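According to TrEMBL, the protein has these features:
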| type | residues | note |
| --- | --- | --- |
| ACT_SITE | B:Ser13 | active site |
| ACT_SITE | B:His40 | active site |
| ACT_SITE | B:Asp133 | active site |
| DOMAIN | B:1-180 | domain 'CheB-type methylesterase' |
Amino acid sequence: MAKLSVSHISFIELQEVVDLLRKVSGYDLSGYSKSSLKRRVQRVLDLERMDLFDLKNAITNIESFRGYLVNELTVNVTEMFRDPHYYATLRSEVVPYLETYPSLKFWSAGCSTGEEVYSLAILLKEVGLYDRSFIYGTDINGNVLETARKAIYPLKKFKLYSENYNASSAQDSLSNYYTAMYDAAIINNEIRKNILFSQHNLATDYIFNEFQFISCRNVLIYFDMDLQNRVFRLFYDSLCEFGFLCLGSKETLLNRDIMSNFKVINKEFNIYQKIR
Amino acid sequence: MSKAADIVLVGGSAGSYHLIVDIIESLPPFFSSALVVVIHRNPKFKTRLEDTLSTRLHRPIIQAGDKTAISPNMIYFAMPGYHLLIEPDRTFSLDISDPIQFSRPSIDVLFESAAEVYGSRCTALLLSGANRDGTDGMTAIREMGGKAMVQCPEDAQISTMPENAIRVNDGIDIISDQQIISYFRNLK
Ligand SMILES: C[S@@+](CC[C@H](N)C(=O)[O-])C[C@H]1O[C@@H](n2cnc3c(N)ncnc32)[C@H](O)[C@@H]1O
């Protein structure tokens, strides 16, 4: 099958798009991984049947296009209980520390459509901590946050989510936490009550609260080293003493300067604790 | 660490496992290219392919890590569950976007992004498989001046993947398993 693409952009052209977008809007994608960003821009060109000239025109002249573009450029693939053993490790190695706090604040940064946040809420519920917890879910993409707030997902995804849940050493059944309606599943209210979703851009925004626990999974792979370091600094500043930082399975703090302020809790799942 | 000027890519799916092991075993003790292997495998099962081979051959064989340099004389595997891409500064980058051709890692994604960065200094070999991953990647490599080779369908355990690449890419080099091994034995 022939490719639909009208034109192929180069890394130089990608840079022009990034520079233009930064100039005319608050969006700064200059710290993003170039190779995947280029694929995403190409995808928008193919989808919209635009060439580079059209794209630049739309960025310059149509304000609403800029937000649309940034939403389309982000990769939002997510799951409930993704990496089940990570959740099992949270239970066994992190929860015992968390139990010593009278109240707890969690931040899921780059939470996409909310599955990670609800997974965390379910885990906290099961270990008896949810009533004294509050979870902030943030993302750059306003559309995914809208979905996260609604907490309605296609029912067909719950086969995988249940498998993940069962593999996470949880005791119950995931079906206790949602209600199926036709081909949709809605997360139950008891799981949704202590959660706030809001927009936050890790590349340009600042600290907004102090947390005992921050998870940022599968977001940093989209950033270059410099931007990753900025975000690590932001997390460090946002954590209370002995607070936890959890990254994706392929995202590590090892070999970074800031590592000297953390200790490794679990190497396989990249769970760290702030120690100084 | 210094970065490799040349890159050699191997993409395989169902039926390619043993040949990939043979390829790696035939490599000379030193070569100045970087070798990157992408093989479709289920992320749910922890295959310790890299570790097993590494111990047996007494040389590092590692999963390509996010934002790590692509070095000469190294053998990298794409991690299960993530697409593997190459940045213009010759480091690896991971991506967890949707599977392509039902595959993540996708051979097309790695080949296309390597073609763009390495141009004529990119060589790729496509092996046995039951889908059509790799075909677009082969096209991209040829367009950017690189060298693309396909395993001879008669030698492939499952010929769908090589056959599709040959059908779409007119005049592409088709090589036998014997030629494949001798190519890697003499890798520079
Ligand atoms: C692949 S998803 C990961 C979702 C979830 N954390 C998980 O692991 O399943 C990456 C998310 O990061 C978000 N993201 C990308 N750039 C961001 C930024 N600068 N600030 C905040 N979120 C960002 C994307 O919108 C996307 O929803």
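Backbone N, Cα and C atoms are what each Cβ position is placed from, and that goes for glycine too.
Note that this is a predicted model, so its numbers are computed, not measured.
The number of other CB atoms found within 10 A of the CB of B:His40 (active site), across every protein chain shown, is 24. The 10 Å shell around the Cβ of B:Asp133 (active site) contains 29 further Cβ atoms across the protein chains shown. Under the three-state DSSP scheme, B:Asp133 (active site) falls in the coil class.
Taking a C-beta cut-off of under 8 angstroms and a sequence separation of 6 or more, B:Ser13 (active site) has the following same-chain neighbours: B:Ile39, B:His40, B:Ser103, B:Ile107, B:Leu127, B:Ser128, B:Gly129, B:Ala130, B:Asn131, B:Asp133, B:Ile158, B:Met161. Along the domain 'CheB-type methylesterase' (B:1-180), the predicted structure has mean pLDDT 94. In the three-state DSSP reading, B:His40 (active site) counts as coil.
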